[in-house]
Amino acid sequence: MKMTGWKKKLCRGHHLWALGCYMLLAVVALRLSLRLKCDVDSLDLESRDFQSQRCRDVLYKNLKLPAKRSINCSGITRGDQEAVVQALLDNLEVKKKRLPFTDTYYLNITRDCEQFKAQRKFIQFPLSKEELDFPIAYSMVVHEKIENFERLLRAVYAPQNIYCVHVDVKSPETFKEAVKAIISCFPNVFMASKLVPVVYASWSRVQADLNCMEDLLQSSVPWKYLLNTCGTDFPIKTNAEMVLALKMLNGKNSMESEIPSEYKKNRWKYRYEVTDRLYLTSKMKDPPPDNLPMFTGNAYFVASRAFVQHVLENPKSQRLIEWVKDTYSPDEHLWATLQRAPWMPGSVPYHPKYHISDMTAIARLVKWQGHEGDVSMGAPYAPCSGIHQRAICIYGAGDLHWILQNHHLLANKFDPRVDDNVLQCLEEYLRHKAIYGTEL
């Protein structure tokens, strides 16, 4: 097996990491030699020679994530209305709905990590040198629905990347144990060293990401960009596509950052206090520090390593962080404001020409109920084919064609209890594209 070059690069760092890494690679090498009978170096997605094609065929056979037979995912991803209607009708038949995997299921299957990774079809080696040379970091904040977490991890997983998982302190103990069991099977996935109770719309959501930022910067993995996720996210690009998109940013960040409406300005006009939920007080806040104009966006970011370092280390950034702690939903204006701060690496100027909407940024694709409508009449997107939660679309199969036409790296929201067909088709699409480099 000719894995020497990328093996050395992947396994450098702390000796315990290296030991575990080499053991993992040894298992991969053995499996490839015995089962696939082809060399990792031949898995070049740009090569058209027979050997590479044969390897991809065998690899796909072993790692394919097919949707159930009654669903035509190829048609759904192309927007074929007959295929979409069939999937939506199928989703309405309660008797066909599979119950999600439980905490106990994962606690049992992860007793044998190799069996778990093989049965759940995780990709356990880099698919290209370009991906190997451009590791990505993830901050994954979760609190419930263990299967959602495991499927998200599987979809974004690559052995050269690094993943920090923050679990809400308030989550049930069995959920926490199941998360620990899953991540214990991977040397590059770890639990955040500091866990906090996450309260909706409060500072704690930001603190969870900050805790992961600190841990990720201490990792020996030389990651280039950080992406943050929640339990209802799912990627709509392969790891290779993400690497290409991040390289094109050329050190810039990508996140929503716009002028706030008068309604949103109220989020930082008065102080909020937190108990089991957020409470508005009558105490007015001082203006933002350093005469910094405030901008608004969302909780999601695509941030360069240098940006993350300045979030944690720059005194001006720290002053803004302290100031937003008692505001409403600070994650929706902290990152957006730092993205316009002149001292932040990869930021953009205050000027209105640099305003960035959620549709322009690549961080997250979201359908807001208030913006849905007739595209021919100027609406940004068609109505949701799933259901709405807090005015956000939980996607259905009818949304997938539109989703895949966009440039974003991830989309929100998905919930297999609402529509598992759209997730199954997205999984099948991404796995096929990751291995073959082409669509279904």
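First residue shown is number 1, and so on along the chain.
Glycine too: its Cβ is placed from the backbone N, Cα and C atoms.
Features of the protein shown, as given by Swiss-Prot:
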type: DISULFID; residues: Cys73-Cys230; note: disulfide bond
type: DISULFID; residues: Cys164-Cys384; note: disulfide bond
type: DISULFID; residues: Cys185-Cys212; note: disulfide bond
type: DISULFID; residues: Cys393-Cys425; note: disulfide bond
type: CARBOHYD; residues: Asn72; note: N-linked glycosylation site
type: CARBOHYD; residues: Asn108; note: N-linked glycosylation site
type: TOPO_DOM; residues: 1-12; note: topological domain 'Cytoplasmic'
type: TOPO_DOM; residues: 31-440; note: topological domain 'Lumenal'
type: TRANSMEM; residues: 13-30; note: transmembrane segment
Fill in: Taken over the topological domain 'Lumenal' (31-440), the model's mean pLDDT
95
Worksheet entry | Protein Cβ atoms within 10 Å of Cys164 (disulfide bond), excluding its own | 26
Worksheet item: Which whole-number value in Å describes the distance between the Cα atoms of Cys212 (disulfide bond) and Cys73 (disulfide bond)?
Response: 35
Fill in: Close recorded positions near Asn72 (N-linked glycosylation site), where close means Cα within 10 Å, chosen from Asn108, Cys185, Cys230, Cys384, Cys393, Cys425
Cys425
Item to complete: Could you check which of these disulfide-bonded residues, Cys73, Cys185, Cys393, Cys425, sit within 10 Å of Cys384 (disulfide bond), going Cα to Cα?
Response: Cys393
Discussion item. Using a 10 Å cut-off on Cβ-Cβ distances across all protein chains shown, tell me which of the disulfide-bonded residues (Cys384, Cys425) has the largest neighbour count.
Written reply: Cys425
Practice prompt. Would you identify the secondary structure of Cys393 (disulfide bond) according to DSSP, in three states?
Written response: strand
Worksheet item: Among the disulfide-bonded residues listed here (Cys73, Cys164, Cys230), which has the Cα closest to the Cα of Cys393 (disulfide bond)?
Response: Cys230
Fill in: Nearest of the disulfide-bonded residues (Cys164, Cys185, Cys425) to Cys230 (disulfide bond) - Cα to Cα
Cys164
Practice prompt. Pop the Cα-Cα gap between Cys164 (disulfide bond) and Cys185 (disulfide bond) into the table, whole Å please.
Written response: 14
Item to complete: Find the shortest Cα-Cα separation between Cys73 (disulfide bond) and the recorded positions Asn108, Cys164, Cys425, and name the residue that gives it.
Response: Cys425
Response to the item:
Whole-Å Cα distance, Cys164 (disulfide bond) to Asn108 (N-linked glycosylation site), is 23
Item to complete: In whole Å, note down how far the CA of Asn108 (N-linked glycosylation site) lies from the CA of Cys425 (disulfide bond).
Response: 27
Worksheet item: What residue among the glycosylation sites Asn72, Asn108 has the most other CB atoms lying within 10 A of its CB?
Response: Asn72
Worksheet entry | Secondary structure of Cys73 (disulfide bond) (DSSP, helix/strand/coil) | helix
